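I have placed the structure first, in the form of structure tokens, so that the comments after it can refer back to it.
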Amino acid sequence: MLGFLKKPLVVTVEINMNLVALTVMGLISRLWRLSYPRAVVFDEVYYGQFVSLYMKRIFFVDDSGPPFGHMLLALGGYLGGFDGNFLWNRIGAEYSMNVPVWSLRLLPALAGALCVPLAYQILVELQFSHCTALGAALLILLENSLITQSRFMLLESILIFFILLAVLSYLKFYNLQRHSSFSGSWWFWLFLTGVACSCAVGVKYMGLFTYILLLTIAGLHFWHMIGDQNLSNVALLCHFLARGLGLVVMPVAMYLSFFYVHLILLYRSGPHDQIMTSAFQASLEGGLARITQGQPLEVAYGSQITLRNVLGKPMQCWLHSHTNTYPIRYENGRGSSHQQQVTCYPFKDVNNWWIVKDPGMQQLVVSNPPRPVRHGHIVQLVHGITTRYLNTHDVAAPLSPHSQEVSCYIDYNISMPAQNLWRVEIVNRESDTDVWKTILSEVRFVHVNTSAVLKASGFLGASLPEWGYRQLEVVGEKLSKGYHQSMVWNVEEHRYGKSQEQKEREVELHSPTQMDISKNLSFMAKFTELQWKILTLKNEDTEHKYSSSALDWITMDTNIAYWLHPTSGAQIHLLGNVVTWASANIAALVYTCLSLWYLIRRRRKIYDIPEDAWRLWVSAGGICIGGWAVNYLPFFLMEKTLFLYHYLPALTFQVLLIPIVLQHLGNHLCRSLLLKSMFGALIVAWFSSVYLVYCTFSPVTYGEPSLSATELKDLRWKDSWNILIRKQ
């Protein structure tokens, strides 16, 4: 029974020393003196703010992409014990002692280092030789731009890591398809493909391009499987469902989990939450939640409310009125009603309070029991401080002459009767009997007499002149002109009015509420709103000194100065290895021309290379040329400020193509021994030049040693490069 103990237990481990050596070299190149410079480098000033907010659990919205990349940077800060206390206001600012610089830069550096062995493994999985795979890895290792980008608290190296991991995982999964379908390793690489794709998209939306490429390749592979007569219908269905689970369901679930963790971590109110809806703000600790805690949920006749415009862009604002009236005549000569001004005011103020009145009754207090207002009910809105009624009529608005003026009615004893009845329409209702609810309900106010809708038009145009205190215009807009979010309002602050006398009511408007009603949003409601804000929120794109166009990237006609030492000539630039970039462009051109030549010849039934070599050539091009195209061409359609680092994911795919083309040329075009020897010598000379250029530009890659003005001038290989030289 214990006979197995007679033999020793033997464990055999295969170690690819190429892989080990590349990993070690990658770590050395990216981690060497990682804390230098101990100053804010370029976009660290941007990402560092989000790290500090994570450390303090303060909510924020970043329109540049999903939160996963920010969370990884924050993880570095957390592991280093960062407390979030640093003012990220200037590039070049020295870090205080409480900032763990090495820890904050660690994860991007590790990601950049691991890209080196990933490049090696990808070419091995593509069935190229180990020598070719080693060449690809060394090109990634010696690419100055990738080194620079991975040594700081930036996201591109993390993005490239997950992109390459997704490609490698899919290739391993596909190669296992031939002999190990539905094995443990087959499932592992399938799910890792989905996880890596989701992580790439979660770091930056640029990762979506590679995800779509892999989905397309997976679709083509499955299409070929359909034609395999050896597979039954049940087997095909199982393969389809497995791919759907691993490449669609898994990434979606992972993507949602990023936002779930993000929202769990950031539970405190902060400066960014003002662009969110009142319901979202009320779910955060502090801020609006502190103000609205204990408010009644259902709006009733007699309720005292503030009305916030749902649009919230470019700023939040509340329906507001004050004692001042519209001027009798505007600057352009048009007349007004000279009624009390109604505006949208971007600050909390006692003049933002309104009372919901039943047109059939005179009382301005809530009855017992309260009578809730429902969808379709007719109400009057009484301004809390001046007790004048919200009104609109057939008078042109001050800034929007095609819309109706909105005012609070003053009886001048002239032939202009009050028109102050409004129908409440709950936009997000579930039924036509829904009750108007605090924060949760999004409502439209439709004027009964004219069918105009209450709208904050100041979002779309200029603010009112000095007589309107530069506040935003509010108008009555005809429904026929279409729906817009600026027509929708929600109750933000709410109390049940108890005082009928005006003096007592003014005191009541300043007092806190008493009732306790919870308004917590579900995760999916928060996710939907936050995702929509990320996709639609647009910061004003301004021209940057180092911004560039996508056309500048191919030939590297631009650079970015990341850091300059305050006293010496030491500096760091985002500059690529000129030989590598030029070789990548040539390789792409050679691949395209050769592919067209082969296709034309194959059309004529002339086969220049074996069928296996042709399939290898096509699959490599699908990954490398396809990866370059999907990560580069979309930038021609983007209306945003672009920088050279946006090209790095596309460049990585293009660099992988160089040794592929070289192996193909050596195997199929250099047929004689002499040609092969000459070709090998040229490759050695070319690779030596790659290493020489890497060494030449390493002082501006790592920031040391400091160079003299003459040495810096010698590095300006192109007139368009902005190498910083101090005036003597």
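Quick reminder: no glycine exception, Cβ is built from N, Cα and C everywhere.
What TrEMBL records for 9-32 (among others) is transmembrane segment.
Residues or ranges marked as transmembrane segment by TrEMBL: 68-88 (among others).
Annotation source TrEMBL lists transmembrane segment at 100-120 (among others).
Cβ atoms under 8 Å from those of the transmembrane segment (154-174) belong to residues 42-44, 47, 69, 72-73, 107-109, 111-112, 114-115, 118-119, 121-122, 125-126, 146, 185-186, 189-190, 192-193, 196-197, 199-200, 203-204, 206-207, 210-211, 214, 217-218, 221, 623, 627, 645, 648-649, 652 of the same chain, restricted to positions at least 6 beyond its ends. Per TrEMBL, transmembrane segment is recorded for 154-174 (among others).
Tertiary proximity for the transmembrane segment (186-203) is limited to same-chain residues at least six positions away from its ends with a CB under 8 Å from its CB atoms, namely 65-69, 72, 155, 158-159, 162-163, 165-166, 169-170, 172-173, 176-177, 180, 210-211, 214, 242-243, 246-252, 254-255, 258. Look at TrEMBL and you will find 186-203 (among others) tagged as transmembrane segment.
Annotated transmembrane segment per TrEMBL: 208-226 (among others), in sequence order.
Annotated transmembrane segment per TrEMBL: 246-267 (among others), in sequence order. If you look at the transmembrane segment (246-267), the same-chain residues 6 or more away from its ends with a CB under 8 A from one of its CBs are 53-54, 57-60, 66-68, 71, 187, 190-191, 193-195, 197-199, 201-202, 211, 214-215, 218, 284-285, 523, 526-527, 530-531.
The domain 'MIR' annotation in TrEMBL covers 296-359 (among others).
According to TrEMBL, the domain 'MIR' annotation covers 370-427 (among others). Secondary structure by DSSP for the domain 'MIR' (370-427): 0 helix, 26 strand, 32 coil.
Residues or ranges marked as transmembrane segment by TrEMBL: 578-600 (among others). Note on the transmembrane segment (578-600): residues 139, 142-143, 554-556, 608-609, 614, 617-618, 621, 624-625, 628, 651, 654-655, 657-658, 660-662, 664-665, 686, 689-690, 693, 717 of its chain, located 6 or more positions outside it, place their CB under 8 angstroms from a CB of the stretch.
The annotation transmembrane segment is assigned in TrEMBL to 612-630 (among others). Note on the transmembrane segment (612-630): residues 122, 126-128, 163, 167, 171, 209-210, 212-213, 216-217, 588, 591-592, 595, 598, 602, 649-654, 656-657, 660, 664, 667-668 of its chain, located 6 or more positions outside it, place their CB under 8 angstroms from a CB of the stretch.
When Cβ-Cβ distances below 8 Å are used as the criterion, the transmembrane segment (642-662) is approached by residues 115, 119, 122-123, 126, 128, 132-133, 135-136, 139-140, 143, 145-146, 149, 154, 156, 159-160, 163-164, 206, 209-210, 544, 546-550, 552-553, 556, 558-560, 574, 576, 580-581, 583-585, 587-588, 590-591, 620-621, 623-629, 631-632, 635, 683 of the same chain, each at least six residues removed from its ends. As annotated by TrEMBL, transmembrane segment applies to 642-662 (among others).
Sequence annotations record features per position, and here TrEMBL assigns transmembrane segment to 674-694 (among others).
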Stretch contact, the transmembrane segment (9-32) with the transmembrane segment (100-120), Cβ-Cβ under 8 Å, 3+ pairs: yes
DSSP residue counts for the domain 'MIR' (296-359), split into helix, strand and coil: 3 helix, 30 strand, 31 coil
